[in-house]
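Only one structure is covered here, and it is reproduced in the block below.
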């Protein structure tokens, strides 16, 4: 299944997404300029450290961009319902359209999304069946990039040897301390928030429940896992190959899930 482009017209979402891109761009430009390149030139760090930072940055922005524009699982206006699956569909009381069970209507986007987890303003998109895997990758690589940035900020002042030559950029040289303090502050804020979000997302996959289902809490056994964790993760990422769970540069192939496994609200 190729992913369709999905664009949400929401000024608040644009502001949140723009803020995330600004933080990413800030650290991708200034951290190499202030820390990585100068210390690499003087032999304090290896080229592997520089390449790892750029790989983390690339995977982070790739997963952010794809999660933001990917169709989360929007239902068509006139869905074709197989005869054998009609009992597993229901009528949405907001848009009066038929939808599979475990779908949810997003009031901000104005349509139903298959297996919707939540609407995330930071990506200006819903997190649903078709882009949940990209959202998980975004959380994962954001944590790695934030942690890497904090480690570099710390090592620059407390571990690495002092630089022998001044930075050729006068602005960066004069405002080095302020730039790194801003970087460390943003890294701590993002790492704290994303770590908590990533933990709740992982717990949701382990128990095969969405955030909306947890908040509704209308089923007594909704938190009890019904499948092995490898199965639930494979369904989210669209592949049984675990190495592909970490790669955002691919297309997700949905796995067929027997309906008797599906719990619903």
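For all residues, glycine too, the Cβ spot is worked out from N, Cα and C.
Among the features that TrEMBL reports, domain 'Palmitoyltransferase DHHC' is placed at 88-216.
According to TrEMBL, the transmembrane segment annotation covers 12-31 (among others).
Residues annotated as transmembrane segment in TrEMBL: 43-65 (among others). Taking Cβ pairs closer than 8 Å, the transmembrane segment (43-65) reaches residues 20-21, 24, 27-28, 31-32, 36-37, 123, 134-135, 137-138, 141-142, 144-145, 148, 152, 160-161, 246, 248-249 in its own chain, all 6 or more past its ends.
Residues or ranges marked as transmembrane segment by TrEMBL: 138-159 (among others). Residues 24, 27, 31, 34-36, 39, 52-53, 56-57, 59-60, 63-64, 67, 123, 180, 183-184, 187-188, 190-191, 194-195, 197-198, 201, 246 of the same chain sit 6 or more residues outside the transmembrane segment (138-159) yet have a Cβ under 8 Å from a Cβ within it.
For 179-199 (among others), the entry in TrEMBL reads transmembrane segment.
With a cut-off of 8 Å between Cβ atoms, the residues of this chain six or more beyond the transmembrane segment (12-31) that come close are 53-54, 57, 60-61, 64, 68, 121-125, 145, 149, 152-153, 172, 179, 182-183, 186-187, 190.
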